[in-house]
Amino acid sequence: MIKTYMRKDLQNYSPYHAPEKPYEVKLDANENPYTHDPEVIQAMKDWIEDCEHMRRYPDTDCHRLKEAIAEFWKVGKDEVICGVGSDQLIESIAKVFIEPGDKVLMPAPSFSMYKLATTLNRGIAVEFSLDDDYQYPIDTIIQTYQEIQPKCVFLCTPNNPTGSSLAIKDIEKLLQVMTCPVVIDEAYGEFVDRTMIDQIDKYPNIIVLRTFSKAYGCAGLRVGYGIGSKEMIEALHLVLPPYHLNAFSQYMAKTILEKYGHYKDNVKAIVKEREALITALSTIDYVCKVYPSDANYILISVSRDDIVKQLEERKVLVRGYGATGALANCLRITVGTEKENKKLIEVMKTI
Ligand SMILES: Cc1ncc(COP(=O)(O)O)c(C=O)c1O
């Protein structure tokens, strides 16, 4: 009954879904396995003790958090926007720029939210395929861009789930041609230590997205941010709901940014563990290929179609992509702690 009243284009729409499963080792969502700085934990306790915070609405403009981000990146406060995760900013970009029938250019395989946000706003997702090693095919992208003249482009670097990333010179090559809004999603940017944030003056049509969910281990707080020209940021603010980001998350994200040193060390530890895990995965007989990664996860292809299930039965979670499509028989494994990674390899060897 309700379905008959729904928008026709949503009747077969599948939303983003992440079912909860029991686990001992959780390596399926690119989360950060390390603990927080003790001063951050103390700040969290202090905040909770003062109930006044909860009675009041949060700062709808996220002034203090924006100030901290602006200072961190040496940009203007009016060049920063905060969101409920970078997911909300992806949605906002789609809401602001896409009109029904507009084409949006994006990589495949990549983060599913670009396509979902495009579809929800009645745009048409036009995907360009990454090459056989999941690298960005720069000349093909330029050619496709010129052919379809999209309203907006998404680039994900490092790309989820492939781990491949774009060199700055290649992004600049693309930006010589792309005049429409270009989203540069750097959700995993800390792991490759490369950014386009310092180029927002040169390219006022870009919006660089970052998040506290990965390198800063705060996926549960849902804080993301975007940095771009003042004009771009003003446009994106048009569609943000009032009081979108809760007061606790704003306060914690600011506190965490001030303890950057601690999180930088965690990133270094993850990068070191990633290389050890790549070596260990390569020794497993049903692993056909281990792709290099610039992020906190590793994509592998396997010769069997039951590995995700077998691991799940042993309470180890990884992300699987099924037996068909561009990621057929591929698994994405988040880099965990040394102990978690050892457990994963041990369990994989028993299958
Ligand atoms: C490439 C990419 N962008 C954005 C996000 C969204 O991150 P969040 O909404 O937690 O900030 C993710 C989450 O996995 C991601 O992989």
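Note that Cβ sites are derived from N, Cα and C of the backbone, with glycine treated the same way.
Bear in mind that the values here come from a model prediction, so they are computed numbers and not experimental data.
Sequence annotations record features per position, and here TrEMBL assigns domain 'Aminotransferase class I/classII large' to 25-346. Over the domain 'Aminotransferase class I/classII large' (25-346) the predicted model carries a mean pLDDT of 97.
For the recorded site, LYS214 (N6-(pyridoxal phosphate)lysine), the DSSP three-state label reads coil. Neighbour density for LYS214 (N6-(pyridoxal phosphate)lysine): within 10 A of its CB lie 26 other CB atoms from the protein chains shown. What TrEMBL records for LYS214 is N6-(pyridoxal phosphate)lysine.
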